[in-house]
Amino acid sequence: MKIINIGVLAHVDAGKTTLTESLLYNSGAITELGSVDKGTTRTDNTLLERQRGITIQTGITSFQWENTKVNIIDTPGHMDFLAEVYRSLSVLDGAILLISAKDFVQAQTRILFHALRKMGIPTIFFINKIDQNGIDLSTVYQDIKEKLSAEIVIKQKVELYPNMCVTNFTESEQWDTVIEGNDDLLEKYMSGKSLEALELEQEESIRFQNCSLFPLYHGSAKSNIGIDNLIEVITNKFYSSTHRGPSELCGNVFKIEYTKKRQRLAYIRLYSGVLHLRDSVRVSEKEKIKVTEMYTSINGELCKIDRAYSGEIVILQNEFLKLNSVLGDTKLLPQRKKIENPHPLLQTTVEPSKPEQREMLLDALLEISDSDPLLRYYVDSTTHEIILSFLGKVQMEVISALLQEKYHVEIELKEPTVIYMERPLKNAEYTIHIEVPPNPFWASIGLSVSPLPLGSGMQYESSVSLGYLNQSFQNAVMEGIRYGCEQGLYGWNVTDCKICFKYGLYYSPVSTPADFRMLTPIVLEQAFRKAGTELLEPYLSFKVYAPQEYLSRAYNDAPKYCANIVNTQLKNNEVIIIGEIPARCIQDYRNDLTFFTNGLSVCLAELKGYQVTTGEPVCQTRRLNSRIDKVRYMFNKIT
C-alpha cells in the first residue's frame, strides 16, 4: 500500500481543521462530521484548542482511499507556534496551503509558504470558503500571484448555477502556465506544433515536485464542495519520500506528547525498513530501546499495531526518545533544507497563584518544555523565582491556559522582558595563585578574555599542555568557563568572546578537579571586570509589505522604533520595506503599522543576531552559588 504524509497549513481561521474533517468524512474514515464550533473535531483535541478555535499542537489523523493511506498533519496557524509547524514540515511528502476566499493571503500564509518553498515541499493551493457571499475569485487569484507565486495552475472553474460546484478545466484551459515555464515547449507551441498531453503532464509533475509550480483548487470544507476532487488530487499527485524495497530501519522523532495519564508518547516518521513490536532499535547510533507498544492512526483513530512499514507515522510509548532522535540508520534520513527555528526572545517570571502548587508547576513545565523546546525555564538560585523564556505573548497565554486546563495550576506572570547578552569591551587577563589569600582552592588559574566580532560566538583554547596539567583538570576548567559565561557583569550570558587558559598549577596529591572547577568562574569574572562588558540586544531583520500609499508613513515612523531601513522596493501595488529593528521594539512597530494601514500591512521578522544595545542597560539578578560566592565577594573587595 502506498503511504503519503501531507500537511494542512493555513493562517488562523482559514478552515484547516474543518477541511481535515471533510477529508475524513468523504473518504469514509468517519461517519459523522466533527465541528470546530461544537468542539467535536478529531485534530483539535484539547479543550484549549476547541475553546480558541485554533490549532496549537500538530494533530495527526488518517484516511484510506483505494490503495493509498494518507496521514494528515493538521498544523498550527499562529506565528507563535511556528516551531511546531517547522518540526512537522520535515516529515511531509507534500502540503495543502489553505487560503480563505474571504480573507485572501495573510501574513501567516506568507510565512508558511516561504517555509514550504525553502524546504522543498510540493504544495497545492486550496481556496476555501468559496460559498461565502461577495467572493471574487479573480481578485483572490491576483492576490496569490502578487504575494505568493505567479506560477500557479488553476485546475478548476467554479459553477454557481444551478448548485455551486467545481469542475476540472479542459486541458487547453490549464496548460498556459506550464508551457510558458519551459522554453522548449514554448518554442514548439509558438511554431504551431501540437503538444501532447503526456509531455505537458510530465512537465507539470516535474515542476510541481520541484516546487516551481503550484496547482490551485477550490472548494468549501464546511459545505463539502470540491472535497472529493481534492482527495483524488492528494492520492495521485503526491509521492512518498521513502526508501522502497528491503533496507535498514530509519525513522525520525518529530513530536513528543504527554497523555492525561502522564504517558510519554514519541511520534516517529519511518523513512525505510520495517519496525516490529518487541524490536530492539538503536537510537541516534547510541543506546538501544525496546519497542513495547506501538500505535498508528487508522481511519482517524489511534490503533495498536505489531509492525509498521516505510512511510508510516508510528507512536511509541517511551521515556527516553527525544525530539529529532533518529531510530536506526542515520544515513538513510532524507537530506532536506533546514529552517532555523524561531529563537526565544522574551522571558518572564512565573509563580503559582497558590504557593503549595509550586512543585506541581515545576513538574508541568518539565513536561511542556520536553514537548516544546522553545519553552525553556530555570529556577533562580538567588530569588528561587521560576524564569520562563518563550517566543511570543500568545504562546505564553496558551501555556498559561494549558497549565490551568491540563495540570490544574493557575499562575501569575510578570511583564516579559527581552533576553540580552554581553561581550567583553577589551582584552584582559587575570590570574589567581594557589595559597594566596583569599583563594581557598588548591589550584592556580590564569585566563585571558578577548572580544570577537558580533555573531562569532564563544571560542576557547588552552596553552597549558596536557603533560603539565592532565585532562581531568583541563576538563574542569572548561566546565568552569561554561558556568562562568552564563552570567556576565550585567547577569546575562556572555558571547562573542575568546577565552584562553594560559596558566595552571596544582599540588599533588591534594588538588582535585573540583578545585579548578570552582576557581575558574571566579578568575573569569575578575577578567571580565578588568575588560568591562557591553550589553547586546537581539535585532530582527524585517520586511514590511504595505499598500504604496503608506510608504511615507511607514518609512518615517521607523526611527521612532529604533529601526534602520536598509532598502525599499515597489512590486505590483505594494511597497516592501526591508530593515533591522531591536526585538524590544518590533511589537510596537507592528501595532503602529496595523493601525495606520487599517490592517492591510504585513510585517515579517526573524532573528538577525545581537548588536550593541541602543537603550538603557538592563541588569539581571545574579544566580547564587554558595560554594564560590563568598570567595567572589572577597576578590571583588580587593580588586
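Keep in mind that glycine also has a Cβ here, set from the backbone N, Cα and C atoms.
Going by Swiss-Prot, these are the annotated features:
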DOMAIN    1-242  domain 'tr-type G'
BINDING   10-17, 74-78, 128-131  GTP binding site
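Distribution of Swiss-Prot features across the structure.
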{"residue": "ALA10", "record": "GTP binding site", "DSSP class": "coil"}
{"residue": "LYS16", "record": "GTP binding site", "DSSP class": "helix"}
{"residue": "ILE130", "record": "GTP binding site", "DSSP class": "coil"}
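Counted over every protein chain shown, other Cβ atoms within 10 Å are most numerous around ALA10 among the binding-site residues ALA10, ILE130. Packing around ASP13 (GTP binding site) is summarised by its Cβ count: 17 other Cβ atoms lie within 10 angstroms of its Cβ, all protein chains included. For the domain 'tr-type G' (1-242), the model's pLDDT averages out at 82. Of all the Cβ atoms in the protein chains shown, 31 others lie within 10 Å of the Cβ of LYS16 (GTP binding site).
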